[in-house]
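Colleague: One structure follows; several queries about it will come next.
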Amino acid sequence: MDKNLHQPLGGNEMPRFGGIATMMRLPHVQSPAELDALDAAFVGVPLDIGTSLRSGTRFGPREIRAESVMIRPYNMATGAAPFDSLNVADIGDVAINTFNLLEAVRIIEQEYDRILGHGILPLTLGGDHTITLPILRAIKKKHGKVGLVHVDAHADVNDHMFGEKIAHGTTFRRAVEEDLLDCDRVVQIGLRAQGYTAEDFNWSRKQGFRVVQAEECWHKSLEPLMAEVREKVGGGPVYLSFDIDGIDPAWAPGTGTPEIGGLTTIQAMEIIRGCQGLDLIGCDLVEVSPPYDTTGNTSLLGANLLYEMLCVLPGVVRR
């Protein structure tokens, strides 16, 4: 292990309930020189003015960090040792405009231009799903069009919401229109519930996306599916966007638009672990809404899924 790599603060150095609540109790880094030294970073985007039902995900980054205090460095299931090979830190939150959604989107894109300019691979704590659009805009400038693994209860391909083109339910329609995605390398997993028409998921299919509805995932391991996903999206840079409402509300009630019949926490880990070997260039975990998360379990799940994302990044060694 490189002694110069940042390490999470251990439970014997500071009690788990003490200290500053950064993600995994990692150092908080902001200076240009420190940013240049990072390989990956956790960054919060506390935006929820793009939501259509229950707000509150502006508090998601803070609570995910608070629930991350029990996460330890080594992944005992997969052998991943991310802190042995990558320099990782928490670089704080994007200072969004909470009164103007379009201005907030502009600010997010600008901030991710800066983050990517330091050579950092971003692991984003949302925030509602609107935030993925400006992140993808910034990523295209660096990596070109990307493949996408998108876990969600909803396709987020509405043309508009109340006449607005930018909202958490329009993100991937805009991403296609702006040529941000390599549409033949996109998979959406966990889509479910009711639609306005019988063809609501077909727009995605017509673009070349593979759509895996939640019912196709019931009562089974998703390891075989993820082998197919790797075949579909591999061969170039890939972004992973994980909406917590992809998980059944029995496990993740703290979200803005819950839908029954969703994925399990085990399936969520299978999906993320199944991304190992892909050329991941960024990840996000969105739509955790702490006001509806009375036990903290949704934030705890979000924190652990972000750790699992860290564990499958390119360059992570296994012990």
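Going from the start of the chain as shown, residues are counted 1 onward.
Each residue, glycine too, has its Cβ placed from N, Cα and C.
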Colleague: For the Mn(2+) 1 site that Swiss-Prot describes with ASP152, ASP156, which of these is also annotated: HIS118, HIS129?
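Modeller: Site partner of ASP152, ASP156 for Mn(2+) 1, according to Swiss-Prot: HIS129.
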Colleague: For ASP152 (Mn(2+) 1 binding site) and ASP245 (Mn(2+) 2 binding site), determine the Cα separation and express it in whole Å.
Modeller: 6
Colleague: Which residues, in sequence order, are found in the same chain with Cβ within 8 Å of the centroid defined by the Cβ atoms of ASP152, HIS154, ASP243, ASP245 at the Mn(2+) 2 site, excluding those residues themselves?
Modeller: HIS129, VAL151, ALA153, ASP156, GLY190, ILE244, GLY246, THR257, GLU259, GLU287
Colleague: Among all protein chains shown, how many Cβ atoms are found within 10 Å of the Cβ of ASP245 (Mn(2+) 2 binding site), not counting that one?
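Modeller: Taking all protein chains shown, ASP245 (Mn(2+) 2 binding site) has 30 Cβ neighbours within 10 Å.
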Colleague: Express the distance between the Cα positions of ASP243 (Mn(2+) 2 binding site) and HIS129 (Mn(2+) 1 binding site) as a whole number of Å.
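Modeller: Distance (Cα to Cα, whole Å): 7 Å.
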Colleague: Other than HIS129, ASP152, ASP156, which residues of the chain come within 8 Å of the Mn(2+) 1 site, judged by Cβ distance to the Cβ centroid of those residues?
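Modeller: Not counting the recorded site residues, we get THR132, HIS150, HIS154, ALA155, HIS168, GLY169, THR171, PHE172, SER241, ASP243, VAL286, GLU287.
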Colleague: For ASP156 (Mn(2+) 1 binding site), which residues in the same chain are close in space, meaning a Cβ under 8 Å from its Cβ, but six or more apart along the sequence?
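Modeller: In sequence order, HIS129, HIS150, HIS168, GLY169, THR170, THR171, PHE172, ARG173, ASP243 meet the Cβ cut-off.
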